[in-house]
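Record features, source Swiss-Prot:
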BINDING   Leu693, Gly694, Arg695, Gly696, Gly697, Phe698, Gly699, Val700, Val701, Lys715  ATP binding site
CARBOHYD  Asn103  N-linked glycosylation site
CARBOHYD  Asn171  N-linked glycosylation site
CARBOHYD  Asn219  N-linked glycosylation site
CARBOHYD  Asn296  N-linked glycosylation site
CARBOHYD  Asn315  N-linked glycosylation site
CARBOHYD  Asn415  N-linked glycosylation site
CARBOHYD  Asn446  N-linked glycosylation site
CARBOHYD  Asn479  N-linked glycosylation site
CARBOHYD  Asn516  N-linked glycosylation site
CARBOHYD  Asn535  N-linked glycosylation site
CARBOHYD  Asn571  N-linked glycosylation site
CARBOHYD  Asn587  N-linked glycosylation site
REPEAT    91-114  repeat 'LRR 1'
REPEAT    141-164  repeat 'LRR 3'
REPEAT    165-189  repeat 'LRR 4'
REPEAT    191-212  repeat 'LRR 5'
REPEAT    237-260  repeat 'LRR 7'
REPEAT    262-284  repeat 'LRR 8'
REPEAT    285-307  repeat 'LRR 9'
REPEAT    308-332  repeat 'LRR 10'
REPEAT    334-356  repeat 'LRR 11'
REPEAT    457-480  repeat 'LRR 15'
REPEAT    504-528  repeat 'LRR 17'
REPEAT    530-552  repeat 'LRR 18'
SIGNAL    1-20  signal peptide
TRANSMEM  610-630  transmembrane segment
Amino acid sequence: MFNGAVSLLFLFLAVVSARADPTFNDDVLGLIVFKAGLDDPLSKLSSWNSEDYDPCNWVGCTCDPATNRVSELRLDAFSLSGHIGRGLLRLQFLHTLVLSNNNLTGTLNPEFPHLGSLQVVDFSGNNLSGRIPDGFFEQCGSLRSVSLANNKLTGSIPVSLSYCSTLTHLNLSSNQLSGRLPRDIWFLKSLKSLDFSHNFLQGDIPDGLGGLYDLRHINLSRNWFSGDVPSDIGRCSSLKSLDLSENYFSGNLPDSMKSLGSCSSIRLRGNSLIGEIPDWIGDIATLEILDLSANNFTGTVPFSLGNLEFLKDLNLSANMLAGELPQTLSNCSNLISIDVSKNSFTGDVLKWMFTGNSESSSLSRFSLHKRSGNDTIMPIVGFLQGLRVLDLSSNGFTGELPSNIWILTSLLQLNMSTNSLFGSIPTGIGGLKVAEILDLSSNLLNGTLPSEIGGAVSLKQLHLHRNRLSGQIPAKISNCSALNTINLSENELSGAIPGSIGSLSNLEYIDLSRNNLSGSLPKEIEKLSHLLTFNISHNNITGELPAGGFFNTIPLSAVTGNPSLCGSVVNRSCLSVHPKPIVLNPNSSNPTNGPALTGQIRKSVLSISALIAIGAAAVIAIGVVAVTLLNVHARSSVSRHDAAAALALSVGETFSCSPSKDQEFGKLVMFSGEVDVFDTTGADALLNKDSELGRGGFGVVYKTSLQDGRPVAVKKLTVSGLIKSQEEFEREMRKLGKLRHKNVVEIKGYYWTQSLQLLIHEFVSGGSLYRHLHGDESVCLTWRQRFSIILGIARGLAFLHSSNITHYNMKATNVLIDAAGEAKVSDFGLARLLASALDRCVLSGKVQSALGYTAPEFACRTVKITDRCDVYGFGILVLEVVTGKRPVEYAEDDVVVLCETVREGLEEGRVEECVDPRLRGNFPAEEAIPVIKLGLVCGSQVPSNRPEMEEVVKILELIQCPSHDLE
């Protein structure tokens with residue numbers, strides 16, 4: 001309060017001084033008033049002083065020498081916050097105003113463009129919000145350049161924009177603008193650069209674009225535009241870059257594009273364009289970047305591409321192209337990257353690259369993933385030494401690896417997996433000093449793994465599985481200190497596992513299964529603290545498995561097939577090792593008393609043998625007694641602790657078990673390593689009807705407590721008959737137990753018997769989202785709480801998808817709210833337990849979500865179910881959270897489907913009907929509308945039209961308006 005009074009007093013004195021002293025002009029007053037509305041944490045504006053009547057010396061200010069008035073104000077990246085005050089309207093001679101890359105908030109003042117001299121306005125990179133006022137462009141005078149990019153502006157583009165006939169540069173990218181482009185936008189005949197990318201704009205591009213003869217750059221990417229690519233775009237003869245990627249454009253490329261003779265970049269990826277790639281594409285001689293990926297182009301690659309001598313980046317991936325790659329591509333000597341993966345190419349597709357007539361090449365990336373054919377890989381020639389990424393996987397290549405492929409010393413990634421390559425791995429492999437990924441898996445390679453592999457010191461992933469490699473694993477592999485993945489499975493490797501592997505501290509994944517490895521496991525592997533997967537199954541490994549840490553939870557399937565391996569995992573005890581008996585040398589004799597000594601030796605040997613026999617008998621007798629006592633103790637201990645803890649769970653009417661003579665003992669695993677975690681003294685109350693929290697398709701959830709009093713939730717699974725084996729169950733549990741995210745419920749452990757499986761996870765005190773939305777009518781979530789919940793669910797799902805886990809069952813009852821109001825996704829990963837029964841269970845309703853949440857692809861057996869089904873469920877959840885209504889509700893004579901109701905309301909402009917009436921209008925429309933639209937997009941009937949959850953998170957973070965506090 002005191003500071004506010006001082007600021008007002010200061011401004012009053014400034015105004016009085018201005019009236020009293022004619023030298024104190026409007027510029028000084030305007031700048032001081034503007035500064036008063038800012039927070040300047042770095043004191044960048046310390047030189048702005050009302051006692052200094054000459055602002056021309058102030059930081060960021062530039063004056064016109066003719067008038068001695070401020071003509072430029074540049075405060076970009078000053079770390080300023082606050083709002084853009086009206087004081088700047090006093091700067092009548094200002095022609096450049098740059099406030100970019102700060103943290104300014106608030107809405108746009110429609111009067112700024114009215115400054116008669118103003119030519120450049122740059123407010124980009126701030127946190128401005130609200131709509132662009134209709135009056136912002138109505139009297140734009142001599143305005144030349146406007147950038148409002150990277151803010152949080154909402155609403156539609158004002159029609160008044162067409163009045164700014166002098167505008168040459170317009171950038172409204174990376175906001176939350178929606179609606180259609182104004183039809184009169186192409187009246188801006190002076191436009192040279194237009195960027196509307198990364199918004200929510202939609203509809204067809206209006207006619208008239210071809211009238212912008214001076215247009216150099218246009219970027220409409222990452223929107224929801226549809227229809228055809230404008231047919232008159234070729235009339236923009238000055239165009240240098242065109243980006244329409246990540247939209248919904250369809251149809252063929254318009255022939256008028258061949259007139260874009262000055263264009264250097266064409267990006268059309270991620271649309272639904274069809275037809276063949278036209279021959280005239282090779283007539284755009286200035287092209288440097290051509291990206292037509294992720295469309296529906298068919299036919300062959302035109303030979304005319306070889307005419308593009310300046311081409312640097314060519315991406316034709318993820319189309320339906322066929323035939324061969326034209327050899328004319330070798331004429332494109334400036335190519336840096338080419339990606340033609342995920343097509344149907346046949347024939348000799350590499351000849352153009354390996355028989356180039358250039359002495360040098362700048363090619364650094366080549367990808368030809370997934371195509372059909374059985375060609376040989378031609379020798380790598382020297383002009384490809386700049387290659388950094390080479391992906392030739394899944395192509396049916398035959399022959400040997402090129403002996404000189406290792407001269408590609410710049411390679412970061414080499415993938416030749418899933419071909420029919422044979423022969424040995426060249427010893428020059430060590431020349432790949434900077435390579436991070438080497439994948440030669442699923443081939444017919446033989447011979448040994450050369451010790452020179454240790455020269456590839458930057459290697460992070462080594463995939464050589466499914467080959468015919470023999471010999472030993474070289475100890476020098478430990479030189480590759482960055483390795484996190486080693487997969488040598490399904491080969492013919494022999495010998496012992498080198499102890500040097502234990503020095504690879506970053507290792508997370510080791511698979512040496514299905515080889516002929518022998519010897520004992522080196523003790524050094526116990527040091528590998530980051531291990532997630534360790535598989536040595538089906539070898540001849542002997543000795544004892546390590547104990548403790550990761551190896552406590554290793555599945556039986558990871559070590560099975562090693563008959564001489566012992567330890568708790570294989571349920572085989574390790575025999576004690578006794579010192580060898582002393583053997584006397586019978587040839588050591590004294591010539592003087594040979595016979596006597598011989599007899600003495602015999603007596604000694606006999607006595608030693610007798611002692612050994614007696615000792616062995618005693619050891620056996622003691623061992624039998626000890627084992628008996630230990631068994632008695634162990635049985636009583638198990639019954640007191642683990643068995644009591646687990647079997648007590650069957651007490652109560654919902655856990656009644658049929659009597660059996662042989663009591664079944666289970667396996668209890670807590671990922672924290674805690675022992676005796678359950679308080680078993682009150683077994684009757686551990687899991688019974690009174691402690692039940694809820695029921696679902698997979699089982700019943702109960703609340704109980706650990707011995708230290710911490711509450712946990714325990715789920716009794718009801719899908720026991722569908723789970724294949726204990727090993728698969730435990731493997732999946734360990735994967736789920738490693739997941740840690742604030743928006744995902746933590747799995748703490750599990751319990752297994754053949755007839756009973758329990759999941760132990762954290763107890764979330766706030767209950768389900770369903771209860772918060774549809775439970776107590778007197779409780780109403782605020783908008784801020786609802787937005788936080790939506791964002792939390794999105795982040796949790798994105799995390800699960802990044803961990804290759806699909807939920808399959810997104811609904812309000814599977815989202816829990818903790819005491820802090822944070823959303824946590826629960827009940828995830830359970831479908832993975834069902835293995836081959838998954839499809840049957842999905843279609844029978846075991847995994848399906850409740851009514852209204854189920855993605856339409858579940859009803860079609862021919863459609864692959866992917867993680868996009870979760871995106872659909874999320875979209876329905878978003879609408880449920882915003883509206884407060886269930887996905888499907890029943891009226892007297894009708895069924896109301898939420899998604900359809902919201903879509904109709906939004907299209908008809910009845911936004912208030914799309915938001916929970918209990919909020920009584922207390923919500924920011926600039927947040928609510930984009931959130932609703934996002935929910936509708938996520939709930940699209942077509943899986944490919946739904947965004948990925950990672951993208952959804954980014955969109956929500958853009959939508960969020962921290963300046964609004966509507967609690």
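Just so it is clear, glycine is given a Cβ too, placed from its N, Cα and C backbone atoms.
Taking the features listed in Swiss-Prot, we show where each one sits on the structure.
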| residue | record | Cβ neighbours (10 Å) |
| --- | --- | --- |
| Asn103 | N-linked glycosylation site | 14 |
| Asn219 | N-linked glycosylation site | 21 |
| Asn296 | N-linked glycosylation site | 13 |
| Asn446 | N-linked glycosylation site | 15 |
| Asn516 | N-linked glycosylation site | 13 |
| Asn535 | N-linked glycosylation site | 20 |
| Asn571 | N-linked glycosylation site | 8 |
| Leu693 | ATP binding site | 15 |
| Gly699 | ATP binding site | 20 |
| Val701 | ATP binding site | 21 |
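Here Asn171 (N-linked glycosylation site) is positioned 9 angstrom away from Asn219 (N-linked glycosylation site), judged by their C-alpha atoms. Reported as a whole number, the C-alpha separation between Val701 (ATP binding site) and Asn103 (N-linked glycosylation site) equals 47 Å. Counting Cβ pairs under 8 Å to the repeat 'LRR 1' (91-114), the stretch among 141-164, 191-212, 262-284, 457-480 with the most such contacts is 141-164. Asn479 (N-linked glycosylation site) counts 20 other C-beta atoms within 10 Å of its own C-beta, drawing on all protein chains shown.
Between the CA atoms of Asn296 (N-linked glycosylation site) and Asn315 (N-linked glycosylation site) there is a gap of 14 Å, rounded to the nearest whole number. Computed over the repeat 'LRR 11' (334-356), the whole-number mean pLDDT of the model equals 74. Taking Cα separation as the measure, Asn571 (N-linked glycosylation site) is nearest to Gly699 of the recorded positions Asn103, Asn415, Asn479, Leu693, Gly699. Note on proximity: of the glycosylation sites Asn103, Asn171, Asn415, Asn479, Asn535, the one nearest Gly699 (ATP binding site) is Asn535, by Cα distance. Cβ neighbours within 10 Å of Asn171 (N-linked glycosylation site), excluding its own Cβ and spanning all shown chains: 20.
Other Cβ atoms within 10 Å of the Cβ of Asn415 (N-linked glycosylation site), summed over all protein chains shown, number 20. Cβ neighbour count for Arg695 (ATP binding site) (all protein chains, 10 Å cutoff from its Cβ): 14. Long-range C-beta contacts of Asn315 (N-linked glycosylation site), restricted to its own chain and to partners at least six residues apart, with a cutoff below 8 Å, comprise Arg269, Leu290, Asp291, Leu292, Ser293, Ser337, Ile338, Asp339. The highest tally of CB pairs under 8 A with the repeat 'LRR 17' (504-528), across 165-189, 191-212, 262-284, 457-480, is held by 457-480. When the C-alpha distances from Asn479 (N-linked glycosylation site) to the recorded positions Asn103, Asn171, Asn415, Leu693, Arg695 are tabulated, the minimum falls on Asn415. DSSP assigns Asn516 (N-linked glycosylation site) to a strand segment in the three-state reduction. Here the CA atom of Asn535 (N-linked glycosylation site) lies 38 Å from the CA atom of Leu693 (ATP binding site). Secondary structure of the repeat 'LRR 4' (165-189) per DSSP, as helix, strand and coil residue counts: 5 helix, 7 strand, 13 coil.
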